[in-house]
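Colleague: Per TrEMBL, active site, proton donor is recorded for Tyr76. The active site, proton acceptor feature in TrEMBL is assigned to Lys152. The annotation divalent metal cation binding site is assigned in TrEMBL to Glu223, Asp224, Asp246. If you look up TrEMBL, you'll see Asn397, Asn442 marked as (S)-malate binding site. The annotation domain 'Malic enzyme N-terminal' is assigned in TrEMBL to 53-238. The domain 'Malic enzyme NAD-binding' annotation in TrEMBL covers 247-511.
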Amino acid sequence: GAGFTREERQIFGLEGFLPYDVHSLEKQCLRAYNQLLKQPSVILKHAFLASLRDQNQVLFYKIMQDHLKELLGVLYTPGAAEAVANYSNLFRRPVGCYILEGHLTDVNRTADVAYDANNPNDAIDLVVVTDAEAILGIGDQGVGGITISTSKAALYTLGAGINPNRILPVVLDCGTDNHALFSDSLYMGWKRTRIRGKNYDQFVDRFIKSCRELFPNAIIHFEDFGMANAYRLMEKYKDIPMFNDDIQGTGAVALAALLAAIKVSGNRLADQRIVIYGAGSAGMGIADQIRDGLMILEGLDKDEAARRFWCVDRNGLLVESMGNGLRHAQLPYARPDAEVENWEKTEEDGTWLMDVIKNVKPTVLIGTSTHSRAFSEELIREMGKHVERPIIFPMSNPTALCEVDPSDALAWTENRALVATGSPFPPVQLGEGKEYTVAQTNNALIYPALGLGAILARSRTISNSMLMAGVNSLASLSPALTNPEASLLPDLADVRDVSVSVAAAVVRQAVEDGNAQDENTIKIVKGKGEMSLEEHIRSRMWDAVYRPLELVD
């Protein structure tokens with residue numbers, strides 16, 4: 001654009017094709033930001049950013065970096081949800097790879113094209129893939145899921161400086177069970193019901209094998225797969241460098257906030273009674289991550305750790321008698337029926353959230369239900385009766401589906417609650433000139449750094465201990481540890497600095513586990529390099545600046 005220097009314009013024959021004045025990146029950023037502000041809706045702002053990314057990659061990332069907290073909700077949740085749902089109507093040009101089940105040969109061919117076009121001398125570092133069955137809070141969106149892959153890919157660059165040209169966004173078009181898409185004449189995906197069972201498994205397996213053959217060192221990021229497949233695939237491919245953000249990322253950032261809250265309250269993780277409302281992939285991912293924390297940090301065995309949880313779904317408290325009605329991921333957390341037989345209950349049929357609150361007297365309440373305002377005043381006050389510093393995490397996205405407004409959670413506990421949310425909320429005024437900063441449990445605080453650490457280490461897999469190392473590092477950076485009214489998690493505006501610390505912890509753990517394969521990184525970790533590990537990480541981060549260009553024959 002207007003950023004080409006006089007010399008570059010002459011060398012590349014651009015004189016006469018650009019306005020006279022040379023504009024710095026900062027001046028271009030100001031113009032683009034002013035144009036963005038004139039867009040009247042979030043969906044149009046998202047479309048503007050997508051168009052800017054296609055026209056000028058550096059300018060797109062520069063404006064996003066400069067206004068990350070403001071624009072994250074436009075690029076990703078909640079703004080991305082509307083963009084995904086309207087993908088076929090908003091379509092301008094393809095970005096990423098679209099793999100169709102009926103044409104399995106496209107897996108190799110499409111990935112090969114991406115390899116040749118973007119990285120003729122090197123490999124892709126990261127593949128972000130979705131089958132779009134469980135997009136954010138809006139469910140099955142078919143081919144529109146590519147928008148989630150591209151948005152997540154951008155956050156890897158913004159959060160941890162992974163080179164955007166070395167990231168491959170992918171949607172696996174398995175069909176769709178969203179009949180509204182079938183009736184849309186402009187829908188661009190495969191118009192058939194979703195493939196299931198053996199055909200689905202063969203499709204995903206072929207895709208993974210093709211990625212491993214073409215990009216053997218790449219991290220594979222699974223995003224927004226349906227719960228039934230998400231856990232199964234995570235278990236199936238656990239021995240390769242893969243990561244499921246909905247399960248592991250959400251769980252990791254929630255655990256980091258929980259560890260910070262426990263330090264503030266002066267308690268131990270092993271002493272917590274944890275109620276999770278919403279036993280889907282996010283809720284069970286959080287339970288699994290906290291359970292791993294109890295095992296690794298507190299020395300509990302798996303069964304002992306699982307007994308710290310009471311999980312409530314739309315059918316009530318998960319209990320063993322539900323049998324086949326329980327998903328595989330829910331089974332470890334089902335409570336014995338005998339435990340609840342003598343409970344005082346609000347209704348004869350089932351055991352509901354208020355019953356659990358009254359009888360368990362939890363210290364921690366986590367919401368992943370997408371049930372708006374499910375945490376009522378009666379419920380929060382009941383919890384507050386029995387706990388000095390109740391830990392309340394209403395984590396459902398978007399804001400409209402959050403289980404409780406943080407200002408209400410604090411008011412109903414006389415400002416004693418320690419709160420973190422999934423969506424951004426303004427600070428809560430506490431009176432006497434004080435305000436409480438509400439932490440946002442944004443996965444972007446951890447998954448980009450986890451990916452960066454695994455890439456730099458060239459890790460064979462992403463182990464639980466590597467994930468836990470990242471969690472501990474993030475928790476140690478909590479502003480609340482020095483200021484009780486401060487956020488339980490670092491500010492998203494500082495995500496690049498946070499990512500250096502978290503990625504360093506992940507790399508060190510990869511080396512200790514024997515997973516690291518990059519000889520230079522191993523040497524640096526062992527103190528035999530020419531720079532510190534943190535300096536090495538910063539040196540490998542991609543920044544939004546114009547690089548010098550040379551004319552090549």
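From the backbone N, Cα and C atoms, a Cβ is placed for every residue, glycine too.
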Colleague: If we check Cα distances from Asp224 (divalent metal cation binding site), which of the recorded positions Tyr76, Lys152, Asn397, Asn442 wins as closest?
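Modeller: The smallest Cα gap between Asp224 (divalent metal cation binding site) and any of the recorded positions is with Lys152.
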Colleague: Return the member of Tyr76, Lys152, Glu223 nearest to Asn397 ((S)-malate binding site) in space, with distance defined Cα to Cα and candidates limited to these recorded positions.
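Modeller: So, spelling it out, the nearest of the recorded positions is Tyr76.
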Colleague: Nearest of the recorded positions to the residue listed as 'active site, proton donor' by CA-CA distance, picking from Lys152, Glu223, Asp246, Asn442?
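Modeller: Comparing Cα positions, the closest of these recorded positions turns out to be Lys152.
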Colleague: Centre the Cβ atoms of Glu223, Asp224, Asp246, go out 8 Å, and tell me which other residues of that chain have a Cβ in range of the divalent metal cation site.
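Modeller: Filtered neighbour residues, in order: Thr130, Ala134, Ile135, Ile148, Lys152, Phe222, Phe225, Ala230, Asn244, Asp245.
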Colleague: Which Cβ among the binding-site residues (Glu223, Asp246) has the fewest C-beta neighbours inside 10 Å?
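Modeller: Fewest other Cβ atoms within 10 Å, among the binding-site residues Glu223, Asp246, is found for Asp246.
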Colleague: Could you check which of the binding-site residues (Glu223, Asp246, Asn442) sits closest to Lys152 (active site, proton acceptor), going Cα to Cα?
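Modeller: Minimum Cα distance from Lys152 (active site, proton acceptor) across Glu223, Asp246, Asn442 lands on Glu223.
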Colleague: Between Asn442 ((S)-malate binding site) and Glu223 (divalent metal cation binding site), how far is it from one CA atom to the other, in Å?
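Modeller: About 15 Å separates the two Cα atoms.
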Colleague: Which value does the mean pLDDT take for the domain 'Malic enzyme NAD-binding' (247-511) in this predicted structure?
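Modeller: PLDDT averaged over the stretch: 95.
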Colleague: Taking the Cβ of each of the binding-site residues and counting other Cβ atoms inside 10 Å, which one has the highest number: Asn397, Asn442?
Modeller: Asn442
Colleague: Please report the number of other Cβ atoms within 10 Å of the Cβ of Asp224 (divalent metal cation binding site).
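Modeller: Total other Cβ atoms inside 10 Å, all chains included: 27.
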Colleague: By a simple count, how many Cβ atoms lie within 10 Å of the Cβ of the residue listed as 'active site, proton donor', its own Cβ left out?
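Modeller: So the number of other Cβ atoms within 10 Å of the residue listed as 'active site, proton donor' is 24.
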